[in-house]
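Q: Below you will find the structure I want to go over with you.
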């Protein structure tokens, strides 16, 4: 098979939360053989089944696995997709499917991917609210009853945050049987290892139908509120689609509320002191909306844009809004009118990250001991080498905009003033300030950078926006005048340099019996045999805390699942990185509804840039340059890949 071969290998239920192992898979296969997995039973049969396992050992719950039960009025089908092994294991997975006609949702809600995404998001939120209000998220035990006391019974859905993203918690399925599906988890209740069948019956037979009725029926929702939600999301996608034709990389609508409530909350800041955004007249443009009036706001043109201003005046807050403008937001978030080029990548320095085979010669050459930088590899990158690698890896995957904040960057990779040039003759680093013009002229990649104390950047900026008490001002003319008044020797390279184009191979740990698992947004645990002998190795994995454009743990779970799929490819030349990630992104992209066959209800869409960032941080990754026909162009082989279902 050639590079980027289709992913054939599949691994049953091991892609969901909590992972799995070989023993678990054998138990699941046995339970499937013992049950009528293809049959659909009545709701009364579910009640009887739970009565029959009451008081038995916990494994008796396995009789329910892969069973389907039909409920009447409202009509829906419950599928019990996975049953946990014991009360302490990751929760069981269930799904509910209802015919589209039964839901009574208007057909136009399923007319496009973006509407399906918005509706699924709205229903996931509604389900989460219902679960909380009905106290279905509480354990049957008191919480202090010990091992032998009652436990479990917690019902949950992978609820969204501020962003509206494609997710597997709710799926609008307009083709085929035309239905709506929602996916939940439930920790089946027990006392010690003894089944509490009565409590399980209360959860599944009584509470679940009420949840379905309050969530999956159009009549249970306020039509105006639902319309507003869908139209708001559709308007944002439509605004983003206009950027390219207008020569813009980003847009911030007047009236936007950019600051967040706190470092621990993504909700908008409130209070009299909050300053709504207002564009400077020189940059004001107009974007159209499908369902509302046109919007005026600040358009950031292609090229090199400098965001500056005094400390605490809002420049980093503006950049943070721009870097997350790749996402759509719920009504009332404050950032509904902020849209950014969907291929924008935020980069930073990451001391200590792993780098494998990345060409960083555009920035760093002639290291001591003749260390190679066209296939740079290290387990402990410095600030400058890590940032150079981050830029190059984003460009390898097709980034159209690079975003940088001085506060989180390696200063020696941003600028090198005339005095230091004179003092240090053999400096191996060429700073970004000397490369951004060639990057734009040769590759069409724009740069947005926050700078507070590096005046050399004034010489290369096309636009300078100053933040003054949270209000943007156009300072380009003043900046150009100062550059003439206080001239600096800022070297501008005419040639940007080479871009990476690699094939990668994965370490054996990725194909361990227990697949990679993401329990939090910023880390993917990778299991290895050595962890069994040395517990200190148990948290070996992929640190993605420096990947700032990830917003949900569900995205990290999708990354973990995708990495496992990539690792199954058997090819002597490895996986062509850009082609493979583009193939996966085609199925889990931000603008497309999630595929029905993806496992579980806890996966969330993610871009190839965040997928690639995780792959590039795998310790033990193997890398080699792609063949000549794909090298330097970033095109690589033409075959696409897909994520395992």
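Cβ coordinates come from backbone N, Cα and C, glycine included.
What you see is a predicted model, and the numbers here were worked out from it, not measured in a lab.
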Q: TrEMBL lists region 'Disordered' for one of the ranges 1-35, 36-70; which is that range?
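A: Feature region 'Disordered' in TrEMBL: residues 1-35.
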Q: Need the matching range: TrEMBL marks region 'Disordered' on one of 602-623, 624-645, and I'd like to know which.
A: 624-645
Q: Provide the three-state DSSP residue tally for the domain 'MRB1590-like C-terminal' (538-622): helix first, then strand, then coil.
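A: Across the domain 'MRB1590-like C-terminal' (538-622), DSSP assigns the residues as follows: 36 helix, 7 strand, 42 coil.
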